[in-house]
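Novice: First the structure, then my questions, so here it is.
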Amino acid sequence: MKFIDEVNVLVKAGKGGDGIISFRREANVDRGGPDGGNGGRGGNVYFRGDSGLNTLLAFHYQNKISAKDGESGKPKNAYGAAGADEIVKVPLGTLVYYEDNLIADVIEPKDYLIAKGGRGGRGNLMFKSAKNTAPRICENGESGEKFALRLVLKVLADVGLVGKPSAGKSSLLNALSNAKAKTADYDFTTLVPQLGMLKYYDKSCTIADLPGLIAQASEGKGLGFQFLKHIERCKVIAHVIDFGSSLKDPILDYETIKKELKDYNLNLEALPHVIIANKSDQEIFATNLKKFKKAYPTLPIVAISALYQKNLDELKAAIFKMLEQANQQTKSNVVENEIAINITLDRDALKIRKLSENVYEIESKKVLNVVEKIPVSSLDNLWRINNKLKKLGVFELIKKHNVPEGATIKIGNFEFDWSDEE
């Protein structure tokens with residue numbers, strides 16, 4: 001399966017159903033009153049975290065997501081049905097961005113509200129009053145929220161295996177877990193992150209084999225640089241280093257990877273690190289291990305052979321010990337700060353601009369909402385639009401800019417001819 005970890009999507013919640021104008025028409029009911037029902041709400045769009053997914057590939061082919069619209073109200077005060085919600089599965093670890101602002105971090109297998117459906121419009125029954133017993137007033141349903149979003153996947157793994165190409169990371173992942181990562185005796189066998197489940201007695205954790213890193217990976221060199229972001233999610237970083245070759249220098253390899261991680265993100269240096277000295281079955285292994293321990297006497301190091309699966313239990317014990325310490329550290333530092341989805345628009349300034357000779361456009365979210373919400377289906381509704389535009393300062397703004405009589409004023413798809421008559 002192709003690995004995709006960043007996509008752009010267009011999300012659109014459902015429009016609310018329209019309210020209607022209706023009056024009772026029944027036998028033996030003289031002058032029946034208003035009974036127009038409200039429209040149903042538009043459907044919401046949710047992202048659902050799914051541990052069974054590990055790529056955003058589905059959005060690569062289908063990047064438009066929309067929920068159903070609500071139905072219009074009906075006579076006899078019958079409400080329209082609500083639009084069906086759209087629930088989309090995404091991998092755990094998916095970050096949702098709107099204009100570079102993080103609005104959701106999908107880290108749990110639950111539903112995250114991404115776009116709210118519009119409210120249903122009110123029918124004329126809702127406008128009945130002592131002064132107006134037979135209102136010919138109703139509202140259209142509100143538009144659902146619509147956003148252009150960027151999804152970024154950062155693999156959720158407890159332990160990240162990092163190292164130079166051909167260090168044996170894929171072989172180790174296969175030996176430790178149920179994964180079946182491709183292995184071969186050449187560089188860059190692993191082209192995308194591979195996940196596996198590591199079990200040790202009654203404990204378990206996820207482990208990720210990340211593509212091999214080379215010098216200046218943090219600056220974009222090699223294949224591994226584009227996957228460095230996945231390391232940020234890990235709680236423990238495990239350096240897999242080839243100690244079994246006379247052509248490789250384990251100390252230099254470790255220092256190279258350490259520098260790239262630091263250059264990419266300073267916070268990675270603060271995570272627990274363990275050195276996995278691989279290829280203990282080779283003759284030169286002991287010599288290289290001795291040199292490394294002399295250079296870094298305090299670093300935790302475990303000698304193993306991924307190929308022959310030697311000393312893996314000791315490695316598992318060391319990993320889970322470090323994970324436990326990392327989890328305790330996280331608990332002591334954690335601050336409850338769930339990301340709230342609150343996409344706010346700029347302050348709503350009332351503006352007017354000239355489009356052409358005798359054609360002007362009003363720009364304001366509030367004003368646009370008025371003309372979208374109130375249908376021009378009755379004289380009462382037209383008067384209502386007129387009063388609201390006046391209260392919002394539209395007419396005063398038009399006068400201030402000396403717009404000539406008879407000029408066309410556009411507000412979205414709504415337009416009228418300007419007259420200064422009260």
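Placed from the backbone N, Cα and C atoms, the Cβ positions cover glycine too.
What Swiss-Prot shows for this protein is this:
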- 1-156: domain 'Obg' (DOMAIN)
- 157-324: domain 'OBG-type G' (DOMAIN)
- 163-170, 188-192, 209-212, 278-281, 305-307: GTP binding site (BINDING)
- S170, T190: Mg(2+) binding site (BINDING)
- 342-420: domain 'OCT' (DOMAIN)
Novice: May I ask you to report the DSSP-based helix, strand or coil state of S166 (GTP binding site)?
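Specialist: S166 (GTP binding site) sits in coil per DSSP, no helix or strand.
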Novice: Under DSSP, is K279 (GTP binding site) helix, strand or coil?
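Specialist: Note: K279 (GTP binding site) is coil by DSSP, not helix or strand.
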Novice: If one measures from the C-alpha of K279 (GTP binding site) to the C-alpha of S170 (Mg(2+) binding site), what distance in angstrom results, rounded to a whole number?
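Specialist: On Cα coordinates alone, these residues lie 13 Å apart.
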Novice: Reported in the order helix, strand, coil, what are the DSSP residue counts of the domain 'OCT' (342-420)?
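Specialist: Taking each residue of the domain 'OCT' (342-420) in turn, the totals are 29 helix, 19 strand, 31 coil.
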Novice: Judged by the number of other CB atoms within 10 angstroms, which among K169, K279 is the least packed of the binding-site residues?
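Specialist: Sparsest of the binding-site residues K169, K279 by Cβ contacts within 10 Å: K279.
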Novice: May I ask for the distance between S305 (GTP binding site) and S170 (Mg(2+) binding site), taken between their Cα atoms and rounded to an integer number of Å?
Specialist: 12
Novice: If one measures from the C-alpha of S170 (Mg(2+) binding site) to the C-alpha of P211 (GTP binding site), what distance in angstrom results, rounded to a whole number?
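Specialist: Rounded to a whole number, the Cα-Cα distance is 9 Å.
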Novice: Calculate the per-residue pLDDT averaged over the domain 'OBG-type G' (157-324) and state the result as an integer.
Specialist: 83
Novice: Using DSSP with the three-state reduction, classify P211 (GTP binding site) as helix, strand or coil.
Specialist: coil
